[in-house]
């Protein structure tokens with residue numbers, strides 16, 4: 001006789017319901033992916049479906065539309081987001097609430113350390129461990145307010161009333177706890193809740209105790225563990241695979257990758273999503289601003305530039321086109337992303353093969369993804385109304401060597417061999433170490449390029465990076481002036497002494513008179529009107545117009561501005577148009593060089609180049625004058 005006969009109909013239903021729950025729990029427990037067992041690309045349904053018939057060898061595919069072999073109706077997964085009214089997504093309530101906040105670092109203002117030796121000692125220890133002032137970070141609220149540094153017209157912008165959901169992915173390794181959590185809270189506080197599906201923290205084998213159980217306890221205590229997930233690796237994977245692992249676990253329609261020392265500005269999300277909703281093969285990058293590594297002050301980096309590279313594979317920037325400058329709130333095409341900050345539809349990411357899994361730790365991933373986005377019929381834009389601030393580490397390199405040899409050259413070789421066609425030889429000529437590296441097995445990535453019927457790198461250079469050669473040519477143009485720069489008053493020469501970025505420099509005895517003196521005095525006035533040591537891409541740079549403004553060395557960007565100098569022949573002055581000042585040294589030649597108001601009668605501002613091509617100098621400076629007009 002069955003038990004059911006002794007139960008009421010209601011009790012019978014309850015038992016059936018409980019049994020169903022137990023069954024579902026068993027199924028979930030069986031199939032759930034462990035945070036400690038990240039999947040391979042082949043286990044991602046979209047990637048598996050797309051890659052199962054990747055071509056082998058020279059197998060050819062029939063003529064297809066630009067969206068080559070991407071599936072049937074799934075070619076347009078975001079059609080449901082089109083045709084809706086455009087609305088303002090500004091969160092005025094949150095904005096007004098932030099206005100009332102007070103405390104250290106609020107509104108992105110700088111914070112200073114307390115003036116006592118014990119604090120300085122502790123702060124230095126944290127500085128060395130992180131590469132930024134983590135002591136200051138601990139003084140600032142995790143929910144701090146920030147200054148709205150967007151263009152004023154951004155607050156008037158409207159976007160589709162219906163937008164895709166997102167997974168925000170933060171890979172990190174030994175990140176300082178409060179800096180990591182502030183990154184998380186900036187996303188939660190400034191994202192529409194209906195769009196933010198999850199935040200995935202990818203812990204790349206961190207050893208700091210605070211990043212283990214205390215971090216998980218914090219998320220639970222503050223009731224954000226339902227949206228913030230932690231994925232932990234079992235060994236050091238590196239930044240590239242960390243992002244990949246996060247993408248593999250993501251469930252949002254759009255993936256957004258951010259560094260774990262970031263703070264998002266107001267209404268940062270809709271400007272990233274709207275272009276992707278219009279075309280799922282569009283990748284969108286925010287403007288990246290600066291969080292000062294010393295004070296945590298948030299300030300704008302600039303008002304935009306197009307990403308690019310030089311032929312040593314250093315990331316560089318190209319100026320905006322006239323059309324882009326006239327539309328300061330409109331997304332603009334950019335050949336190459338900076339790397340750490342971008343949004344991409346999950347479908348497009350996996351159709352492109354995700355990140356090349358042969359890339360180790362970091363380096364080259366921004367080129368690999370940028371080239372294949374453009375060459376494989378997608379596009380990439382920067383969105384001026386989406387702004388995210390980033391800490392650029394300074395002074396200390398806190399992480400251990402990966403112990404993998406020259407992985408950067410190997411990464412670059414993989415990118416060049418798959419995507420750059422005959423242009424790779426120019427790269428190898430400038431960086432022989434890349435050409436000599438072992439790229440490993442490239443069959444999968446070359447197969448993806450073939451299946452997507454991607455365009456040539458020659459097309460990319462001529463249509464997308466069309467002005468690349470003007471600013472970063474494969475063959476360096478002749479200098480307008482070169483050699484020693486002799487200071488008339490002291491009879492000493494400018495010597496940059498092989499110093500690095502952000503360092504100041506001064507005068508030393510001229511090398512032509514002191515063959516054993518060493519130093520770095522062979523300088524060039526280039527076609528971009530910047531001054532740089534021979535063979536190096538580091539330039540004289542002046543960033544302020546105050547009296548006795550310092551002149552430092554900074555990575556050459558070939559975009560003039562702070563690095564634009566003119567040589568005034570009759571007065572022998574080195575003039576800096578942006579500050580309106582002239583290069584000056586003390587009479588005895590001691591101390592660092594600086595800028596002062598121009599005085600044509602002062603010998604302290606007179607400089608003699610060793611060699612000048614007068615005709616070329618006049619021609620270039622005349623052209624520069626026309627451009628400025």
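Sequential numbering from 1, following the chain as shown.
Cβ from N, Cα, C; glycine included.
Note that the structure is predicted; figures quoted are calculated from it, not measured.
For the Mn(2+) site, Swiss-Prot records 259, 261, and the single candidate of 84, 377, 390, 430 listed with them is 390. Scan Swiss-Prot for N-linked glycosylation site across 177, 189 and the hit is 177. For the pair residue 393 (substrate binding site) and residue 556 (disulfide bond), the C-alpha distance works out to 19 angstrom. Mean model confidence of the region 'Flexible loop' (393-406) amounts to 67 (pLDDT, 0 to 100 scale). Between the listed binding-site residues, namely 236, 261, 390, 393, the fewest other CB atoms within 10 angstroms of a CB are found at 393.
The least crowded of the disulfide-bonded residues 376, 510, 539, judged by other CB atoms within 10 A of its own CB, is 510.
One way to see the shell of the Mn(2+) site is to take the Cβ centroid of 259, 261, 390; the remaining same-chain residues with a Cβ within 8 Å of it are 183, 258, 260, 262, 291, 340, 389, 391, 392. Ranking the recorded positions 236, 376, 582 by Cα distance from residue 493 (disulfide bond) puts 582 first.
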